[in-house]
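Shown next, in structure tokens, is the structure this report addresses.
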Amino acid sequence: MVDSGGPFDVVVLGGGSGGYACALRAAELGMRVALIERDTLGGTCLNRGCIPTKALLHAAEVAETARRAARFGVRASFEGVDMPAVHAYKDKVVSGTVKGLTGLLRAKGVTIVEGEGRLAGPTAVQVATPAGPVRCEGRHLVLATGSAPRSLPGLPVDGERVIFSDQALTLQRVPASVIVLGGGVIGVEFASIWRSFGAEVTIVEALPHLLPMEEPSSSRRLERAFRKRGIAFELGARVEGVKTTETGVTVTLAGGRTLAAELLLVAVGRAPCSAGLGLAEAGVRTERGFVEVDRYCRTSVPTISAVGDLIATPQLAHVGFAEGILVAERLGGLSPAPIDYDGVPRIAYCDPEVASVGLTSAQAAERGHQIMQVTYDLAGNPKSKILGTQGEVKVIAERGGRVLGIHMVGARVGELITEGQLIYNWEALPSEVAQLIHPHPTQSEAVGEAHLALAGKPLHVHG
Ligand code: NAD
């Protein structure tokens with residue numbers, strides 16, 4: 001048995017956003033920490049998710065800028081996309097970030113154990129490392145093994161014609177045509193990338209809207225913008241069958257209509273990576289594969305916590321960070337507050353971006369709030385005009401009370417939602433936000449204008 005360097009105060013299984021944030025914070029609080037990872041540190045977010053996709057989305061934005069240059073009086077031409085060069089740029093961003101993270105963990109004194117771990121009791125993880133088995137003993141264990149793409153029953157993903165986002169990220173060509181199954185976040189982001197790169201794209205979504213969990217007016221704005229960009233979509237559509245052919249793939253929808261394309265991207269959600277961890281043997285309860293936790297991320301075993309995509313909370317890297325920090329602080333004897341998941345900002349980085357925080361109007365009604373709402377059209381915002389973007393900022397507030405939700409569509413609104421986060425989480429009144437002076441000319445003025453209108457003193461608003 002290889003020496004682990006333990007015993008430890010905390011042993012974290014999984015080095016993605018939730019796991020490494022927990023390891024860093026626990027080390028900062030003076031605990032001895034081991035972090036077990038079988039692959040590359042940084043998990044899905046850094047290696048197969050947030051970071052590489054946002055690099056592709058930025059390349060897509062550059063392509064659109066070149067295409068639209070004449071609109072701003074600049075002579076440029078879009079000549080095409082060199083996918084190997086796009087990947088080289090993306091991979092450099094990823095490898096630099098992984099290197100930075102590895103250095104940071106080492107500098108904070110976290111022991112990194114490379115290999116595949118499995119629970120060996122309430123305070124131990126057995127790790128198969130290249131050098132042989134290692135037993136990591138810890139007073140506390142934190143499970144953070146993340147999630148992986150899932151398919152539909154009877155729809156095999158061959159990685160060639162039918163692919164997951166993992167394969168989409170390394171595709172060495174721009175496909176002529178793609179069908180995207182699932183109009184959630186992954187679906188709309190890849191649809192946006194491929195369209196900007198020149199592909200014909202059709203999204204097939206089972207529910208009545210793209211991004212169906214967002215405020216319906218945001219979904220409708222996105223649908224309008226996608227239609228203008230030539231992205232096709234089938235809403236409320238059920239897939240009856242998928243056939244791969246010599247040249248591509250054919251999808252049959254309920255009713256018998258067929259769609260054909262070179263590729264099918266399956267983006268119908270991600271499932272927790274909980275199989276093979278020895279959870280049941282250790283007494284860790286699960287539900288539909290997710291590890292069950294309370295508001296403090298405690299599992300059914302007192303020494304074991306779980307964070308990130310492995311638990312049934314929003315599958316977002318920043319949620320993983322927050323949960324990892326919460327667990328480290330709890331184990332370190334502090335008294336962290338439980339996370340208000342409604343107050344977590346959500347962003348789809350497609351073109352245009354869709355961002356929100358707090359409640360949708362339907363959720364507000366379900367919870368018995370009497371609401372008032374204002375939609376400020378970006379057409380009235382000079383900076384948005386300069387950028388040539390269309391969209392809106394919608395603010396929902398309790399009648400006579402606090403702001404309950406903020407929903408935005410438009411270029412760069414992902415950066416604007418951070419103000420919405422402060423407004424929502426500090427339970428601000430529209431009149432309080434209306435007092436704050438927003439710098440001119442910025443897109444952030446649209447946030448100020450919406451609150452001015454809600455406070456009864458609209459400025460740049462007709463009617
Ligand atoms: P998702 O749950 O966001 O979207 C899946 C979509 O597929 C849903 O709209 C659903 O209605 C649809 N769907 C399900 N079954 C279908 C069927 N049979 N036919 C047609 N449509 C069907 O999942 P995702 O887009 O795969 O993303 C997985 C997770 O990763 C999500 O939790 C997401 O939030 C997260 N993620 C976040 C970001 C971001 O924050 N920018 C980016 C990528 C992924």
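In case you wondered, yes, glycine gets a Cβ from its N, Cα and C as well.
Listed in TrEMBL:
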type	residues	note
DOMAIN	8-324	domain 'FAD/NAD(P)-binding'
DISULFID	Cys45-Cys50	disulfide bond
BINDING	Lys54, Gly117, Thr145, Gly146, Ser147, Asp309	FAD binding site
BINDING	Gly182, Gly183, Gly184, Val185, Ile186, Gly187, Val188, Glu189, Glu205, Gly269	NAD(+) binding site
ACT_SITE	His440	active site, proton acceptor
Would you list, in sequence order, the residues of this chain other than Gly182, Gly183, Gly184, Val185, Ile186, Gly187, Val188, Glu189, Glu205, Gly269 that have their CB within 8 A of the centroid of the site's CB atoms, where the site is the one recorded for NAD(+)?
-> Val180, Ile203, Leu210, Leu211, Ala267, Val268
Under a three-state reduction of DSSP output, how is Asp309 (FAD binding site) classified: helix, strand, or coil?
-> helix
Looking at the recorded positions Cys45, Cys50, Ile186, Val188, which sits with the largest number of other Cβ atoms within 10 Å of its Cβ?
-> Val188
Hey, what's the widest CA-to-CA gap across Gly182, Gly183, Gly184, Val185, Ile186, Gly187, Val188, Glu189, Glu205, Gly269, the NAD(+) contacts in the record, in Å?
-> 14
Intrachain C-beta neighbours of Gly146 (FAD binding site), sequence separation six or more, cut-off 8 angstroms | Gly14, Gly16, Gly18, Gly43, Thr44, Pro272, Cys273, Gly308, Asp309, Leu310
Counting other CB atoms within 10 A of each CB, which of the recorded positions Lys54, His440 comes out lowest?
-> His440
Fewest C-beta neighbours within 10 angstroms among the binding-site residues Glu205, Asp309 belongs to Glu205
Note the mean pLDDT of the domain 'FAD/NAD(P)-binding' (8-324), expressed as a whole number.
-> 97
